[in-house]
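What Swiss-Prot records for this protein:
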ACT_SITE  Glu138  active site, proton donor/acceptor
BINDING   Arg110, Ser111, Ser112, Leu113, Ala114, Arg115, Asp128, Val136, Leu137, Glu138, Tyr171, Gln182  dCTP binding site
Amino acid sequence: MRLCDKDILTHLQEGKISITPEPDYAEISGVTVDIRLGNKFRVFTEHQAPYIDLSGPKAQVQEALNTVMSDEISVGQDKSFYLHPGELALAVTLESVTLPGNIVGWLDGRSSLARLGLMVHVTAHRIDPGWSGNIVLEFFNSGKLPLALKPGMKIGALSFEVMSDFAEKPYNARVDAKYKNQEGAIASRISGDDKTSTQ
């Protein structure tokens, strides 16, 4: 069952869902809570690597990722981050979100930004039950013009769904959780995947 605005507010007031900084009532409407852009970004740097072999040995994958990803970029609150057409960048939400083991969250971009060509998440829009931390955004500019993105701007919305029961393996309890207590624009940790798995 998807939570409506009054249920979202109740869950926040009762501490079942935590969003820090706490959203204003005006930011909760229908079935969503507005979220804002943080000030940390990562981009792909100029590189000579022809490809990244995602099925290769962990050390080799990590070395390739270190070659192509920038260090974290911090943008001042009065400055903008410019995303050019055809570019992918990682960003982070201003808000940190904590969910209990029986609620899954969903991230959606804003229609107004999509109409300018901005994708807020490339594919990863689920926030697992038991999640705690900032949410990394995978920005892609599919439009024709550079987009100036300013920290603090409204960037998307979260909705929440109550599951049939508490998860047996919530995110915060998983040993293999690569982004536990995430802060900042964390780069891909795909090198931490179990390469022996057939799933």
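Any Cβ shown, glycine's included, is placed from N, Cα and C.
Features recorded in Swiss-Prot, as mapped to the structure shown.
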residue	record	DSSP class
Arg110	dCTP binding site	coil
Asp128	dCTP binding site	coil
Leu137	dCTP binding site	strand
Tyr171	dCTP binding site	helix
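Fewest other C-beta atoms within 10 angstroms, among the binding-site residues Ala114, Leu137, are seen around Ala114. A 10 Å cutoff on Cβ-Cβ distances gives Arg110 (dCTP binding site) a total of 17 other Cβ atoms nearby, all chains included. Tyr171 (dCTP binding site) has a Cβ environment of 19 other Cβ atoms inside 10 Å.
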